[in-house]
Amino acid sequence: MKVLWAALLVTFLAGCQAKVEQPVEPETEPELRQQAEGQSGQPWELALGRFWDYLRWVQTLSEQVQEELLSPQVTQELTTLMDETMKELKAYKSELEEQLSPVAEETRARLSKELQAAQARLGADMEDVRSRLVQYRSEVQAMLGQSTEELRARLASHLRKLRKRLLRDADDLQKRLAVYQAGAREGAERGVSAIRERLGPLVEQGRVRAATVGSLASQPLQERAQALGERLRARMEEMGSRTRDRLDEVKEQVAEVRAKLEEQAQQISLQAEAFQARLKSWFEPLVEDMQRQWAGLVEKVQAAVGASTAPVPSDNH
């Protein structure tokens with residue numbers, strides 16, 4: 001059974017290794033739409049794609065965009081998309097950090113620091129986009145009724161530059177994540193190798209036991225059953241003999257205990273009778289003396305009562 005569990009564990013670890021070894025394809029497309037379609041499907045990349053799609057729509061500077069730029073709706077939408085992107089990115093980073101546990105502490109700290117810096121640059125770029133749009137909205141509101149062509153051209157230029165920065169930082173972040181995941185894969189491979197080394201002797205023992213069982217299986221089934229029956233019969237006879245001997249010992253012990261109890265009961269009865277006789281000899285004289293004193297006291301009381309009730313002689317005679 002232990003060998004079976006060991007084999008299952010090795011199979012499970014091999015599956016985990018295969019899962020870790022999935023390649024990460026770097027992004028090479030320069031355009032926003034191509035970048036969104038070429039992503040590997042990570043949640044943070046999908047969230048960043050939605051941010052880019054929204055930025056692409058803002059860059060059109062259509063009439064609807066111009067109307068919504070005069071309200072805080074665009075900045076609110078961008079803030080929501082930014083928060084969603086950073087949240088998904090942090091979750092993915094935490095997942096990779098768990099996979100990096102077998103890696104050396106120094107390597108893990110360096111990779112984490114580089115990834116955190118790339119993450120901060122991407123967040124700063126998205127915040128810069130939002131700030132530019134807020135500034136543009138304030139300037140448009142201040143120039144209501146005037147020509148805003150120059151302002152729109154300046155905003156379009158800023159957004160194009162910010163778009164390039166976003167693409168560059170996102171590509172850098174993906175490369176950092178690829179390095180991060182490669183470190184996780186390396187640590188997982190080392191962990192699996194160590195486990196395989198520890199499980200090697202167990203697997204060999206299981207192989208030897210399996211060979212032994214196979215040699216036993218070559219014996220005729222009837223001979224093995226007969227030998228097993230004889231062993232069981234001998235074992236049952238031995239257990240029966242021990243049980244009978246033990247029962248005889250218990251009977252003897254019970255008889256001894258009963259005799260001792262009867263003897264002790266007889267001794268207690270004799271001691272009680274002797275004690276009762278002593279008590280009687282102690283208290284009988286005392287009781288007789290108290291009876292005599294009580295009788296004398298009664299006679300005295302009666303005499304005193306009789307004397308007090310006698311008639312007194314009259315002086316007139």
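Any Cβ shown, glycine's included, is placed from N, Cα and C.
Of the candidate ranges 44-56, 57-69, 278-290, Swiss-Prot annotates residues 278-290 with the feature region 'Specificity for association with VLDL'. The feature region 'LDL and other lipoprotein receptors binding', as given by Swiss-Prot for the ranges 15-25, 158-168, sits at 158-168. Counting every protein chain shown, the Cβ of ARG235 (heparin binding site) has 10 other Cβ atoms within 10 Å.
Over all protein chains present, the Cβ of LEU162 (heparin binding site) has 19 other Cβ atoms lying within 10 Å. Within 10 Å of the C-beta atom of GLY229 (heparin binding site) sit 10 other C-beta atoms, taking all shown protein chains into account.
Around the Cβ of LYS164 (heparin binding site), the number of neighbouring Cβ atoms within 10 Å comes to 12.
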